[in-house]
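S.K.: Sharing a structure, written as structure tokens. Questions coming.
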């Protein structure tokens, strides 16, 4: 007799029990692809993962003592094997924590059960002790935890919900206990119906004949073409074959409509874990409406962790090509997470089946974004190469490098000396690399690219939601957060969609909490601006020190030294404040009490984006639009606090400062993020393995990690981030901002982003498969609020690039000089270099150094501005050229924005959000589903009528 098994409920619907007793129908050729029914086990695992139905399961352990069984039978105390409690004959449930002696005895028995049972080694730790019940979830707690009563009540209520529990001590830490959870067939069916989980329908219908012929001809043509090296080999990956089964929300009353060949594999592992997580979230541990959910138990340390187990190891001694994959995790590692697969397409269907739709959508979006970066990176490289090849022919660089007699005004008023313009020759040439004729073209191209990227992502997302049965999920199955239900359980209103009563947050309460949250956001943003102001002050102090430095090399390149040290200090401040922002955003989001998990995640993501975007880009905005704009002129410089003189731009412009700021922050931030994503978990897991080998937890000294059961291996891995995918999306969205917002100043940004994302995909894949515990498979229909943020960044990018070209770069001053003041004014044909002769001299004004009252300085010096000379009747006033340049800048901003926004809107209008063939397929599927449901119900009624010999009425909505 198996004491750890629970019999199926006898209260099932009559038609269900009869259907289950019938022999499974022989599948037709048309329905063969549907028999996969969400099971995606590798071929060599089917012999032990597909467990046949058996009304009388075999005993757990062949060698179990018969004396123990007889003793249990006499006392009529039926104990769930390895669980915390026993059900006594008086009908009451008494929960007493097991003693250390009992646990040590069970520990010896557990080792025998784990390592002496004749089962495949790669399935160790995936089942209960009987070898049949699959582990769907793992709970971890410490034996010395004082929350015994809460844990006992919680586990009793879990059994009442139909879950089966079994306890196992850890082999690496004597203080750790694992609670294995298995969901029975009745429980899975009950909650699958409540959660509206869509399951494969029994019948299948292909396309029309003409479309099948067309697809067949296309496949023949493709077979003649050379094979794409980026595609995965489907022969080696049978799991990637699409089933194209029609699905419908599961219903126990209509169970005969679904293809149920094996109850053990009808619900996939990710679906089973999601159902168990749903139960864990809504099970009480104390009396009272607010005392429920595994999240609260994790928060008060009743349990240390809760996670679904991985499906085995991710490495094998044998080659996957010859022996096949051991499990899905091994398959994902070999065909996705290995660094050698960096050039291959991602197996999105397999990722979705193992990690859930939410994580699958993230990797789909990341792959799409990376692929779209390829044309942007190529165009950026061409623009950079154009500047590199034409650098020596630049008229402005030539004039600066040959200006040996042009004396520039001192950069500070005390210890600085006048300097010659030719000293900044290298500076001028580097500036031309990023400020040339291709800058405007590249800015327009990137604005259009951002629109095309988002519009085509909508189409790709529509295809994925259709293939993954997510079309109607959001409206029907969005669940309330347990914390929201507990907080507002006394206030209810009727849901206008479902018509059922549900907890309700009053508007006054919501508004007050939102105001507090907004105040916190503004406070943190003001803190960011304060940090930027501190960096500005540092730059002003460093400018004077480096300009009067004793070392000639530093004194000569004082602008590079000032910008470089300012960027490095700014980067350290950015990374330090990010830690504070995360905690503040978490507290403010919980204070708002969002209604659903998606609302909580969207609110938290928006706060994190606002904090980090302002933190990351505030100094960049200062350099782009404020640096050198309010410096004043020699003899009348503007000073901060009447002490530090404001910075000036170089004679060749401030664009190189902006480029340096973007390059340093983007490069170092990507390195830091990659280290924190992979390096930090690797170090933590290495330390855990080191402690495990030494027996640091008081457990057994385990030399071979392969001997550990799967739950022990997973416990020693790192948990997924507490905020889910927010950190992953945030990193990529901030990178998207850097790639588009100031791309006119740094055309190599798309290339750096592309190289980083190629690494990022495999790094994230390796992290999810090997370094992290398996996250709870969650569902999602889109990337959430991030899509709206990306659209906002696309609009902001058009505005900022217009201002960068018009104000930060020298494109407009050069343009005005060439057509208004240059040597080509009266000529019909304009050649770039010829028309810019004398531009540098025209852009520099004259100052009389005798006005400084400094005996060491006399004569005239030049400075960057459009002002009248000192011998003019109105000295140092703005010239007419200044107003012409200003008017041209404003006109360019207006024309550029209207032109680009018009092109963006036109492209968005031309590209529909959903492909036409997908709309046709969805309409046809809806029609065929109604027909098939009607035919299946008719067939079922006819069978019932023949069995009973009378008219049988079956409920049909």
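The backbone N, Cα and C atoms fix where each Cβ goes, and this holds for glycine too.
Reproduced below are the annotations present in TrEMBL:
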- 127-348: domain 'Anoctamin dimerisation' (DOMAIN)
- 351-925: domain 'Anoctamin transmembrane' (DOMAIN)
- 362-389: transmembrane segment (TRANSMEM)
- 439-457: transmembrane segment (TRANSMEM)
- 514-538: transmembrane segment (TRANSMEM)
- 558-581: transmembrane segment (TRANSMEM)
- 609-632: transmembrane segment (TRANSMEM)
- 733-755: transmembrane segment (TRANSMEM)
- 783-807: transmembrane segment (TRANSMEM)
- 886-911: transmembrane segment (TRANSMEM)
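Please go over these features one by one and say how buried each is and what sits next to it.
M.R.: The predicted model assigns the domain 'Anoctamin dimerisation' (127-348) a mean pLDDT of 80.
With a cut-off of 8 Å between Cβ atoms, the residues of this chain six or more beyond the transmembrane segment (783-807) that come close are 361-362, 365, 439-440, 443, 446-447, 450-451, 454, 457, 461, 598, 601-602, 605-606, 609, 624-625, 629, 655, 658, 729, 733, 736-737, 740-745, 889-890, 892-893, 896-897, 900-901, 904.
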S.K.: State, in range form, which of 362-389, 514-538, 558-581, 886-911 has the highest count of Cβ pairs under 8 Å to the transmembrane segment (733-755).
M.R.: 362-389
S.K.: Three or more CB pairs closer than 8 Å, sequence separation of 6 or more: does that hold for the transmembrane segment (514-538) against the transmembrane segment (886-911)?
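M.R.: The transmembrane segment (886-911) and the transmembrane segment (514-538): touching, no.
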S.K.: Tell me whether the transmembrane segment (558-581) sits in contact with the transmembrane segment (609-632), defined here as at least 3 Cβ pairs under 8 Å among residues 6 or more apart in sequence.
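M.R.: These two segments touch.
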